[in-house]
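J.: For reference, the structure I am asking about is given below.
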Amino acid sequence: MPIPKHVLDQLKQLIPPLNGTLHKGQSGRVGVLGGALDYTGAPFFAAMSALRVGADLSHVICSPTAAGAIKSYSPDLIVHPILREDQSTNSVKSALSSILSRLHVLVVGPGLGREEYMQNYAKLAIGIAKDRGMFLVLDADSLLLVGQDHALVKGYRRAVLTPNVVEFKRLSEQVNIDPNTPPKERAALVSRALGGVTIVQKGAEDLICTNTGAATDEDARMSKVNPGESTEEQVVVDVRGGLKRCGGQGDVLSGSIGTILAWGKCYEDGAFGDQSIPSSHIPLLASTGGFKEIETKPYDGQKPGTSGLRKRVKVFQQEHYTENFVQAIFNSIEPKGATLVIGGDGRFFSPETVQTILRIGSANGVAKFIVGQNAILSTPAASNIIRKYKAYGGILLTASHNPGGPDNDFGIKYNVGNGGPAPENVTDKIYEKTKTITSYKVIDLPPQDLSKIGSFTYGPSKVDIIDSVKDYVELLEGIFDFALIKAFLQSHPEFTVLFDGMHGVTGPYGKAIFVDTLGLTEKSVQNAVPLPDFGGGHPDPNLTYAHELVERVEKENITFGAASDGDGDRNMIYGKGAFVTPSDSVAIIADWAEQAIPYFKSGIKGLARSMPTSAQIDYVAKKKGWKFFGNLMDAGQLSICGEESFGTGSDHIREKDGVWAVVAWLNILAFANKDSKTLIGIKELLQQHYEVYGRSFFSRYDYEEVSSEGAQKLVDGINAHISGQSLLNTTHISKSTSQSFTISAAFNFDYTDPIDGSVSKNQGQIVSFSDGSRVVFRLSGTGSQGATVRMYVERYVAKEKGAAELSKDTQEGLKGLIEVALEVSKLKEFLGREKPTVIT
């Protein structure tokens, strides 16, 4: 296939600029060692090819018997006839060292021959070149030397070996690799056996391969790579070459590679360019462009929301489907030279997709990937990594709280440089790109091992595999009073804790915090191993799906229970006989934060809630909007925020943060108990709050995977009432409680961002009542199939009503209002459902 334009763009970074800033020699000085009595053409072809490709100067180091002929071929070559048969290598070493000191790269082998004295000079030159940190190209009869003495190049990652089919078979045998091994596998094995040299196996399809282990300190010193760095790259070049294989073609190739390596050395030394290409990649890049462009066609419906693109796994597994969407992301941003974070909740189809992102991202010019070990990185942890390491953005593989497995959900989400979800102008751009995509770019490399922490090169990119948990725990240690929490837990053994990871991403985070840091026993964490199918469960922390936690808390009288969801941005707080609604949770955190949590000691900038969330936090302070909170945080106007779907967070990152909320509750309880004579638990803290602020009884009814047609009829029906104001001032009486509710307003909620002025319309249909109660109806975009309708019901009871009224069960306190809401909306009729899927 023809070399696509983007490959030339990659190679262009190593091409010296023609801008008049470089001196003679700064576009590459190439040396070719070879040329004896019978072999004068090969070194000439190699040296002249180096010049023709673009080297400034080309030297030939040969025997006196070859020098005259080579000089007569072209006056452009600088010929050094110092390799005399009648002299020892030691007598020539000084002169040879002097010549090599003026070169960037040494090509050894064209016209070398097998005479002992020439082979000895080659060994000497290779040793000097290695000591100087030069790039090496080893061709023809120099490969015989390598086969006989592996130590000549073993571990020297700045060497490129260019064997033909016969030479490769012999070299394989000499390093104890079965020559019958398939070529694509064998190239990697030979490279590894020789300590990570780059192999260019010439043939109908050229195989270019680098396969190293972790660099030792000596490898790193010689090869100018980082200690521990590893590389595993293989490129298949299937561009059709000449149909006739004649003498001299390999010499032309070795000289051409030599020039690009010389450019790479000038680039590495800072003569030009930005030095973003790692030194360890220059040999492979010099050997081939290494990229492909795959033709494709658009898929319908690849429209992401702020929660990303969510579909069934089988949809993502369609040919080109995932690749199309990933390429659309890169077509919508500026990936060249960027640092990108990759993480996710470990759900089914994640491992394959991480490799897809690496292949496409590298081909699109991403300079560095930061990847959580085993591609595990919670959404809050990824937001922190993006911010901490100043990454351009991140791609998260998650469908949040949705089930996982081959028959369930998968998702791809893009986060921007502030660590938050991509705003609508970015997701809209991605969607437009998906509708017109015709091809995607890939680098042809094998899957990488993401299980080992460390760094390696990947095409033109660098990959850092990081501890998924470490940075996040350090973040929380800087926010909360861990010493106070630990002292409280140790001094109150009757205060028991249980954290449920629901086999989602937060299990390792919970273990690191509650067991390793706070000193609790292993029994304080359950379902802590992330599983691709979440253990067959639904990783949504609510009373329905976190029933295992609820049952154990009640059975074992556990004081403090908590759970988080699949990707770690949601949470539920539940103690013995005490369920904390998300609305109450954020209100209590806001009420106590300034006095209890060190991060907020300097004061609270502002508080916010999503529109459907109850007004409980409004009695502490008033603001609006969740998905738009990032702008308020960036503007320094917001400290703590929350939403009714179990999402709570603060300005420490730009995502909701489930584990943060759990630790916040523990910090508050530890602080509240400092001077208390009786143990204050969740239930007592709730009652104290209601006695001060009153209580907003709140519940959410989720109707999942309902008919999209029925859901739209429900929305249309309510909109008809809104436009005609037909419900205004009508009174409705509950049949079971005899309570009457008079509708005072009905409208669609639109949000105007106070920072950037952007407007998001139709965020929910609100029906308000004269007593301050309200009902909100919303269509959710977080499901992957069918439609999800949510009904939010809220009724405020003032503190003056007394403890008996304030302490009622939520469903009892809302029973009459729920009946009226269902009647007014005709929800059961439109959706064909008698009961909700989940009640929160």
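For all residues, glycine too, the Cβ spot is worked out from N, Cα and C.
These figures come from a predicted structure and were not determined experimentally.
According to TrEMBL:
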{"type": "BINDING", "residues": "G111, N164, V165, V166, E167, F168, K169, R170, D251", "note": "(6S)-NADPHX binding site"}
{"type": "BINDING", "residues": "202-206, 241-250", "note": "ATP binding site"}
{"type": "DOMAIN", "residues": "7-274", "note": "domain 'YjeF C-terminal'"}
J.: Taking Cα atoms as reference points, which of the binding-site residues K202, A204, D206, K244, C246 is nearest to G111 ((6S)-NADPHX binding site)?
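T.: Ranked by Cα distance from G111 ((6S)-NADPHX binding site), first place goes to C246.
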J.: Taking only the Cα atoms, work out how far K202 (ATP binding site) lies from V165 ((6S)-NADPHX binding site), in Å, as a whole number.
T.: 7
J.: Could you give the mean pLDDT over the domain 'YjeF C-terminal' (7-274), rounded to a whole number?
T.: 90
J.: For K202 (ATP binding site), just count the other CB atoms lying within 10 A of its CB, please.
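T.: Here the count is 21.
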J.: Counting Cβ atoms within 10 Å across all protein chains shown, which of the binding-site residues E167, D206, D251 comes out on top?
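T.: Per the Cβ count within 10 Å, the most buried is D251.
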J.: Between V165 ((6S)-NADPHX binding site) and D206 (ATP binding site), how far is it from one CA atom to the other, in Å?
T.: 10
J.: For V165 ((6S)-NADPHX binding site), what is the tally of other C-beta atoms lying within 10 angstroms of its C-beta?
T.: 13
J.: Identify which of the binding-site residues G111, G248, G250 has its Cβ surrounded by the largest number of other Cβ atoms within 10 Å, counting every protein chain shown.
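T.: For the binding-site residues G111, G248, G250, the Cβ with the most other Cβ atoms within 10 Å is G111.
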J.: Using all protein chains shown, find which of the binding-site residues K169, K244 scores highest when you count other CB atoms within 10 A of its CB.
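T.: Result for the most crowded candidate: K169.
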J.: Using all protein chains in view, find how many other C-beta atoms are within 10 Å of the C-beta of A204 (ATP binding site).
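T.: Result for A204 (ATP binding site): 9 neighbouring Cβ atoms inside 10 Å.
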J.: Tell me the Cα distance separating K169 ((6S)-NADPHX binding site) from C246 (ATP binding site), rounded to the nearest angstrom.
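T.: Cα to Cα, C246 (ATP binding site) and K169 ((6S)-NADPHX binding site) are separated by 20 Å.
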J.: Please find which two of G111, N164, V165, V166, E167, F168, K169, R170, D251 have the most distant C-alpha atoms, given that the record lists them as binding (6S)-NADPHX, and give only that distance in angstrom, rounded to a whole number.
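T.: Among the residues the record ties to (6S)-NADPHX, max Cα distance equals 21 Å.
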J.: To the nearest whole angstrom, what is the C-alpha distance linking K244 (ATP binding site) and D251 ((6S)-NADPHX binding site)?
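T.: Checking the Cα atoms of K244 (ATP binding site) and D251 ((6S)-NADPHX binding site) gives a distance of 15 Å.
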J.: Give the distance between the Cα atoms of K169 ((6S)-NADPHX binding site) and D206 (ATP binding site), rounded to the nearest whole Å.
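T.: That separation, Cα to Cα, works out to 15 Å.
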J.: Looking only at C-alpha atoms, tell me how far G248 (ATP binding site) is from E167 ((6S)-NADPHX binding site), rounded to the nearest Å.
T.: 16
J.: Distance between D251 ((6S)-NADPHX binding site) and A204 (ATP binding site) at the Cα atoms, whole Å?
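T.: Between the alpha carbons of D251 ((6S)-NADPHX binding site) and A204 (ATP binding site) there are 17 Å.
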J.: What is the interatomic distance between the Cα atoms of E167 ((6S)-NADPHX binding site) and A204 (ATP binding site), given in whole Å?
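T.: Pair distance, Cα basis, whole Å: 15 Å.
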